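**Student:** Under the heading domain 'MPN', Swiss-Prot lists 109-231. Sequence annotations record features per position, and here Swiss-Prot assigns motif 'JAMM motif' to 180-193 based on sequence analysis. According to Swiss-Prot, the Zn(2+) binding site annotation covers 180, 182, 193.
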């Protein structure tokens, strides 16, 4: 009879050594990096446990420092890390990156048009469609929420104040900044841009939530409609 060595799974570990159980008992923040990674990977190989595989993977990428920059090909080239595990790792890294980015955005203080443009420039300058985004601020001009209100050619009949201010009320915003991109790379405001801005400005004055600015994003450049005198 041939005996096959099967991969050692998390359920095969003694209870006190199981990363999942340890996470529940002591909290995720108290687990080592290789334990968290083992929870993602779930299984090792027939020659090593999932914890050993996790340790070896981290050593291959100098810990977490280079792991976040690894490609699917680089990850899957590591023995024991196939395509599925590589994709799981990349998905987890990307989620962590987005959460970190969101946390930074929500503490970002906007004191000038440059601050607002710097916050969104890299995300918006290469978009192939127009995205109309609102940055909602508290009384200290900190960004408390960012929402894409509309995607497509900007039109005053499409960008309805109701959608903009509904989110402002929901977030208890004191003020807001509108941002949208020009896929052409030229941030010169159009007539529609100006009409949308004035309409939202007037509505904001009526209900007490001020439109501070409307930024048009181009390729590494932007225009502030407030600085242009449209607010």
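Count begins at 1; order follows the chain as displayed.
Here the Cβ of each residue, glycine as well, is placed from N, Cα and C on the backbone.
Quick caveat, the model's predicted, so the values are computed rather than measured.
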**Student:** Where among the binding-site residues 180, 182 do you find the Cβ with the fewest other Cβ atoms within 10 Å?
**Tutor:** 182
**Student:** Please compute the mean pLDDT of the model over the domain 'MPN' (109-231).
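**Tutor:** Computed over the domain 'MPN' (109-231), the mean pLDDT is 92 on the 0 to 100 scale.
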**Student:** Return one of helix, strand or coil for residue 182 (Zn(2+) binding site), based on DSSP.
**Tutor:** coil
**Student:** How do the residues of the domain 'MPN' (109-231) split into helix, strand and coil according to DSSP?
**Tutor:** 39 helix, 36 strand, 48 coil
**Student:** Hey, what's the Cβ neighbour count for residue 193 (Zn(2+) binding site) at 10 Å?
**Tutor:** 23
